[in-house]
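A short worksheet on the structure shown next.
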Amino acid sequence: MAKGGASYRISSTPVTVFTHLLVISIATLVLVWLIHFREGFAFKSHIKAKIFNLHPLLMTLGFVLFSGEAIIVYKAIPANRKTQKLIHLILHFIALAAGIVGVYAVFKFHHERHIPHMYTLHSWIGLSTICLFGLQWLLGFFSFWYPRAESATRAKMAPWHAFFGVVIFFMTIVTVETGLTQKFLFQGLYRSQEALIVNFTGLLILLFAISVGLSVILPRRN
């Protein structure tokens, strides 16, 4: 009976594939939103909204999606452990770089528009998240990659590294959801095409977070 029951065990593979499809969907919606409804994006422009638009672009496509992909790399890529670790490290580095530039963009926008900095819950959680993310990446790099701690120390740190990774990813999702809500209210979108785009983006990001979590806890069948 147990043997027969085991055959119904869910594999992480379809969930991982679904997660990749969500990445494509979220990226598409964000690009449509910012290009079609919000005039695009640029580091320098007399249209200051273009500078701000780099913030949701980089924080969503770079920070959120790349960090999620980095978490599921051990289930998504059938390679040896060292290769998986390297890809995990690189994807998280890309996420961190995108996050830093995204934060810089919104500070630049606020400075040029003479808007106060760091006055919303979204900004508080967001800056805390990017700082913790950077610290987590540095500790992971020096502990698990180069020069690497002793094996006993790494074994003790691994569960905490995984735990704080999940916590920081959760904070990332909270940050982007509060950011979308804040933008929705500030722009007074209410019932409009743009409102649908923003809301569906938020829903898909939530679904993405759930899919990442499922992909991590489910076993992968070889």
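For all residues, glycine too, the Cβ spot is worked out from N, Cα and C.
These numbers come from a predicted model, not from an experiment.
Marked as domain 'Cytochrome b561' by TrEMBL: 18-217.
The transmembrane segment annotation in TrEMBL covers 12-35 (among others). Long-range neighbours of the transmembrane segment (12-35) within the same chain, counting only residues 6 or more positions beyond its ends whose Cβ lies under 8 Å from a Cβ of the stretch, are 41, 53, 56-57, 60-61, 65, 68-69, 72, 75-76, 194, 197-198, 200-201, 204-205, 207-208, 211-212, 214-216, 218-221.
Long-range contacts of the transmembrane segment (55-74) within the same chain, counting only residues at least 6 positions beyond its ends with a Cβ under 8 Å from a Cβ of the stretch, are 16, 19-20, 23, 26-27, 30-31, 33-34, 41, 84, 87-88, 91-92, 94-99, 101-103, 105-106, 109, 126, 130, 133, 165-166, 169, 172-173, 175-176, 179-180, 183, 201, 205, 208-209, 212, 215-216. What TrEMBL lists as transmembrane segment is 55-74 (among others).
According to TrEMBL, the transmembrane segment annotation covers 86-107 (among others). Non-local neighbours of the transmembrane segment (86-107) in the same chain are 43, 51-52, 54-59, 61-64, 66-67, 69-71, 73-74, 77, 79, 117, 126-127, 130, 133-134, 137, 140-141, 145; each lies 6+ residues outside the stretch with a CB under 8 Å from one of its CB atoms.
Taken from TrEMBL, the feature transmembrane segment covers 119-146 (among others).
The feature transmembrane segment is assigned by TrEMBL to 158-176 (among others).
Outside the transmembrane segment (196-218) by six or more residues, the chain places 10-12, 15-16, 18-19, 22-23, 25-26, 29-30, 32-33, 37, 60, 64-65, 68, 71-72, 75-76, 166, 169-170, 173, 176-177, 180-181, 183-184, 189 with a CB less than 8 A from a CB of the stretch. As annotated by TrEMBL, transmembrane segment applies to 196-218 (among others).
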